[in-house]
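Asker: If you scroll down you'll find the structure; I have some questions about it.
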């Protein structure tokens with residue numbers, strides 16, 4: 001059986017008060033429309049078409065790596081009109097098409113699979129997703145036959161007294177036999193107060209043709225649409241609970257899961273402990289038995305097993321197993337830190353490689369450098385990598401001892417097994433086995449204060 005999907009992503013989203021199309025706003029680090037696309041793909045649906053409108057180039061930019069096709073809805077004339085705009089996508093296809101909305105990011109791949117299975121096994125012409133709620137005010141009601149089949153969808157304003165008591169509501173997500181859908185679209189009109197073409201009318205047209213219409217009921221959170229910043233925040237809360245619950249089931253400890261913020265694509269190994277206030281973003285992988293103390297942010301990075309991070313920021317970098325980072329360290333993009341290293345407080349590292357067992361304990365800047373293993377950086381060391389026009393490279397070998405308050409003026413090389421005296425400004429290569437001293441000779445002028453009349457009596 002051939003299955004495909006159409007995702008409606010042309011809405012303007014006026015209530016978002018944004019210059020961006022609504023569907024590219026992110027929930028837990030991923031655009032809403034990409035949540036829907038990815039879950040459709042997880043349900044083994046390969047052919048996906050996005051109906052786009054205002055801000056189409058922005059939507060394309062955010063979805064071009066998803067291998068989808070696009071249909072253009074120049075004017076927003078209703079959900080039915082949006083599907084009409086995708087008729088070319090459905091042309092010459094036979095099978096089943098599901099229709100989802102790009103602003104409902106909480107739909108799961110399990111529900112999508114269930115929708116197709118229910119629709120195809122029951123040989124329905126149309127199947128919709130519904131939900132039961134305590135307060136259905138404002139929603140279209142699902143009215144069923146005695147057999148359980150869907151009889152009709154009635155908008156709230158059109159409900160009679162009995163229909164108002166129904167608490168099963170329409171989600172706006174459907175599954176259709178492609179041929180039935182295309183035939184029904186031919187009979188769709190905009191004879192209503194809004195002058196729009198409604199997809200709900202296709203259900204009525206299908207039913208009048210004598211075809212079967214079914215519905216599956218899912219939790220309300222799965223059909224939540226996002227039309228405002230408030231609803232975006234509500235969707236974020238639901239998604240965050242799902243993400244954190246998944247990690248806890250997989251063996252991750254959260255000291256306070258409600259104040260821990262993890263993006264949907266993050267991977268975390270078991271026996272890792274995460275303290276409140278941590279933010280883990282993007283395509284980050286954290287291996288087993290790590291400890292992330294409060295107020296740490298990690299983005300698009302790989303953290304090895306047994307790493308400890310405390311009150312620090314790690315961006316687009318790799319931290320080797322057994323290393324400690326922080327407190328208050330800043331690991332900038334393209335940094336690779338080896339195993340069992342120590343990156344201490346108020347240390348900034350940028351676009352550098354740090355070898356195994358190297359210690360950079362405090363108040364140090366390292367940029368555009370290659371640092372070997374078993375090195376020690378004293379407090380206040382600075383790699384001076386910028387000459388005013390471009391960044392220069394510094395190379396430090398193994399077993400180098402860099403004394404406190406040292407400036408390494410790039411480009412420069414410090415070879416293996418070297419010592420640099422505290423307070424030195426190094427501008428030339430330091431040979432292996434050497435002690436480098438580059439500071440002014442101390443001069444003591446005895447009695448100077450008394451001669452100047454500065455000695456306090």
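For all residues, glycine too, the Cβ spot is worked out from N, Cα and C.
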Asker: According to Swiss-Prot, 385, 386, 439 bind acetyl-CoA; identify which of 341, 422 is listed for that same site.
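Answerer: The one candidate that Swiss-Prot places in that acetyl-CoA site: 422.
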Asker: If you pair up every Cα among 385, 386, 422, 439, the residues annotated as binding acetyl-CoA, what's the maximum separation in angstrom, rounded to an integer?
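Answerer: 22 Å is the greatest Cα spacing among the residues binding acetyl-CoA.
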Asker: Going by Cα-Cα distance, which of the binding-site residues (227, 385, 422) sits nearest to residue 365 (UDP-N-acetyl-alpha-D-glucosamine binding site)?
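Answerer: When the Cα distances are compared, 385 comes out closest.
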Asker: If H, G and I count as helix, E and B as strand, and all else as coil, what does DSSP give for residue 227 (Mg(2+) binding site)?
Answerer: coil
Asker: Would you pick out, from the recorded positions 22, 332, 362, 439, the residue whose Cβ has the largest number of other Cβ atoms within 10 Å?
Answerer: 22
Asker: Spatial neighbours of residue 362 (active site, proton acceptor) among the binding-site residues 103, 140, 227, 439, defined as Cα within 10 A: which are they?
Answerer: none
Asker: Taking only same-chain residues 6+ apart in sequence, whose CB is under 8 Å from that of residue 386 (acetyl-CoA binding site), what do you get?
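Answerer: The answer is 367, 392, 410.
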Asker: State the Cα to Cα distance, in Å, between residue 439 (acetyl-CoA binding site) and residue 22 (UDP-N-acetyl-alpha-D-glucosamine binding site), rounded to an integer.
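Answerer: Just about 60 Å between their Cα atoms.
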